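Visitor: Below are the features I grabbed from Swiss-Prot:
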DOMAIN    3-245  domain 'ABC transporter'
BINDING   G40, H41, T42, G43, S44, G45, K46, S47  ATP binding site
Amino acid sequence: MGINLQEVSYTYQAGTPFEGRALFNVSLEIKDGSFTAFIGHTGSGKSTIMQLLNGLNTPTEGTVLVDDVAIRSDSKNKDIKNIRKKVGLVFQFPESQLFDETVLKDVAFGPQNFGISKEEAEKLAREKLAMVGISEELFEKNPFELSGGQMRRVAIAGILAMEPSILVLDEPTAGLDPKGRRELMTLFKELHQGGMTIVLVTHLMDDVSNYADWVYVLEKGRIVLSGSPKSVFQEIEFLESKQLGVPKITQFAAHLRERGITFDALPITLEEFVEAIKNG
């Protein structure tokens, strides 16, 4: 199951004095089984696209196709609800959405909301909590008694319990320490390897180079560049003009190139850099 945006535009608060255009005639494809990243400066339209992918918002113009189900400005709630089960959306700081009295109940709420029995929902909740690294001794605790990193994992388990085939992540590691960030990104990598389509919004270019297989660059509601991370991160000057960076190792290699060391293409991961130096 993939997602296609066909000439999609989105206007906030249309028809009011506060009207603002967030997307302009955007067309793109998120392929089934891909790990697609979106990068762009604040206000570029990344989060707006994320909210369109699972029907949280509907396009002002154009069509969002999810597994051949169309979301348009006049789409009915029934169609959108089915899409929200297929496309799980993890907001930035998702722990702010926790609400129930125990960890287990919180994670089981989503599946029950889609008509799954309490028994089956709790079974799913246990499975997904284990998947994100939450031990059974925490299942009956109030989620607000957990650490920030644990709360983040519980919130993500709640999305996974609805068994989406596409997982949309809006800055999922924001505010976490390096260890917590690595652990979460490893989880998303494992989900992707298991067949799940992953969509990632991030400002961390090293995460794009290490995990994504396709990247879209947005500016002021338009796609200005797209391609494999390898090809996109060769465009250092262009990205800098958009107030965006490149992976640390790519920047380092670019400095070496200025000093006379040649590369067939700038490496975007440490492994590529080591290989290039060995073969240099």
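The backbone N, Cα and C atoms fix where each Cβ goes, and this holds for glycine too.
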Visitor: For H41 (ATP binding site), just count the other CB atoms lying within 10 A of its CB, please.
Guide: 14
Visitor: Going by a 10 angstroms cut-off between Cβ atoms, which of the binding-site residues G40, G43, G45 has the sparsest surroundings?
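Guide: Output over binding-site residues G40, G43, G45: least Cβ neighbours within 10 Å is G43.
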Visitor: Helix, strand or coil by DSSP: which one applies to H41 (ATP binding site)?
Guide: coil
Visitor: Hey, of the binding-site residues listed (T42, S44), which one tops the CB count within 10 A?
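Guide: Output for this query is S44.
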Visitor: Restricting to the same chain and to sequence separations of six or more, state which residues have a Cβ under 8 Å from that of K46 (ATP binding site).
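Guide: Looking at Cβ-Cβ distances below 8 Å from K46 (ATP binding site), excluding near sequence neighbours, one finds F38, I39, G40, D170, V201, L218.
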Visitor: Enumerate same-chain residues with a sequence separation of six or more from S47 (ATP binding site) and a Cβ-Cβ distance below 8 A; give 'none' if the list is empty.
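Guide: Same-chain residues close to S47 (ATP binding site) (Cβ under 8 Å, separated by 6 or more) are D170, V201.
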Visitor: On the 0 to 100 pLDDT scale, where does the domain 'ABC transporter' (3-245) sit on average?
Guide: 94
Visitor: Starting from the Cβ centroid of G40, H41, T42, G43, S44, G45, K46, S47, which together make up the recorded ATP site, report each further residue of the same chain whose Cβ lies within 8 Å of that point, ordered by sequence.
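Guide: Here the non-site neighbours turn out to be L218, E219.
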